[in-house]
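Trainee: Would you mind keeping the following structure in view while I ask a few things?
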């Protein structure tokens, strides 16, 4: 898909969502909303927003007024049509992670999790890689331009995706081969390359999580990414440690210029902001409802 329509900023005004500090708007998909952390805002949506997300932790630690618009399932067009109205001239900080859903990564993971005789993992990966190289750059360019227009003074950080696998499958319900896992990791690298290039072209910073998550993939110990999980939509997403120890310390210096170590006090302050965040996000429930959820699906024998 490509971003072809000009984004209209509509009447939903973006007041500070919580603290009295500078405004921080977190845009994007499930990797930013906090899917995988097990605890979510009861905001009337399927967005799976969590105060344990890196955005929630950064805001709590650095006294920022967070508007957590990121939503599970969001694509580039979804961000453009449902999230950008949270931005304004007073927005100081923006993070954005998007692109994985556009390339159909959940469907690719579903295909590759099947036994080799029942799947075409290489074909699914090739299709995703073709989309990432041929179509996604233009879509990102349009979206990033719209972000800059809507928040002209903001520091913007584009947040990438980690390699999910470490070369072996420790879950009896899935059938990822070492070759499958290598292909999937290569696709994450390719996606990060496209994101980094588009970010540079827009004058945005890029947070590459590849090194930070090395040694913490699915089946590593400790793992910062969930493997095959229940509920199923939490599979192959960063867990609490992935956000607190992986993403938050990586993103914070690029966003605000200040380092971050997530302490018990930071976690407590982030959790305490849940009621305010819930009230804020309920204002957007109608637009969040249009975002289609397409999670990883379990292989038949695991259902």
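Sequential numbering from 1, following the chain as shown.
For all residues, glycine too, the Cβ spot is worked out from N, Cα and C.
Computed from a predicted structure; not experimentally measured.
TrEMBL lists these features:
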SIGNAL    1-19  signal peptide
DOMAIN    26-244  domain 'SGNH hydrolase-type esterase'
ACT_SITE  30  active site, nucleophile
DISULFID  47-71  disulfide bond
DISULFID  112-121  disulfide bond
ACT_SITE  237  active site
REGION    268-303  region 'Disordered'
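Relative to the rest of the structure, where do these features sit?
Mentor: Under the DSSP three-state reduction, residue 30 (active site, nucleophile) is assigned to helix. The number of other Cβ atoms within 10 Å of the Cβ belonging to residue 30 (active site, nucleophile), over all protein chains shown, comes to 28.
Secondary structure at residue 71 (disulfide bond), taken from DSSP and collapsed to helix, strand or coil, is coil.
Within 10 Å of the Cβ of residue 112 (disulfide bond) there are 24 other Cβ atoms, across all protein chains. The secondary structure of residue 112 (disulfide bond), as reduced to three states from DSSP, is helical.
Residue 237 (active site) falls outside any helix or strand according to DSSP and counts as coil. Sequence-distant contacts of residue 237 (active site), defined by Cβ-Cβ distance under 8 angstroms and a gap of at least six in the same chain, are 30, 31, 35, 36, 225, 226.
Residues of the region 'Disordered' (268-303) grouped by DSSP class, helix first, strand second and coil last, total 21 helix, 0 strand, 15 coil.
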Trainee: Mind checking which residues of the chain, 6+ beyond the ends of the region 'Disordered' (268-303), have their Cβ under 8 Å from one of its Cβ atoms?
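Mentor: Sequence-remote neighbours of the region 'Disordered' (268-303) are 12, 17-19, 41-47, 49, 51-52, 56-57, 59-61, 66-69, 71-74, 78, 81-82, 86, 101, 104, 106-107, 109-110, 113-115, 173-175, 228, 232-233, 235-236.
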Trainee: Count, for each of the disulfide-bonded residues 47, 121, the other C-beta atoms lying within 10 angstroms of its own C-beta, and report the residue with the smallest count.
Mentor: 121
Trainee: Counting every protein chain present, what is the number of Cβ atoms, excluding its own, within 10 Å of the Cβ of residue 71 (disulfide bond)?
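Mentor: Summing over all protein chains shown, residue 71 (disulfide bond) has 29 other Cβ atoms within 10 Å.
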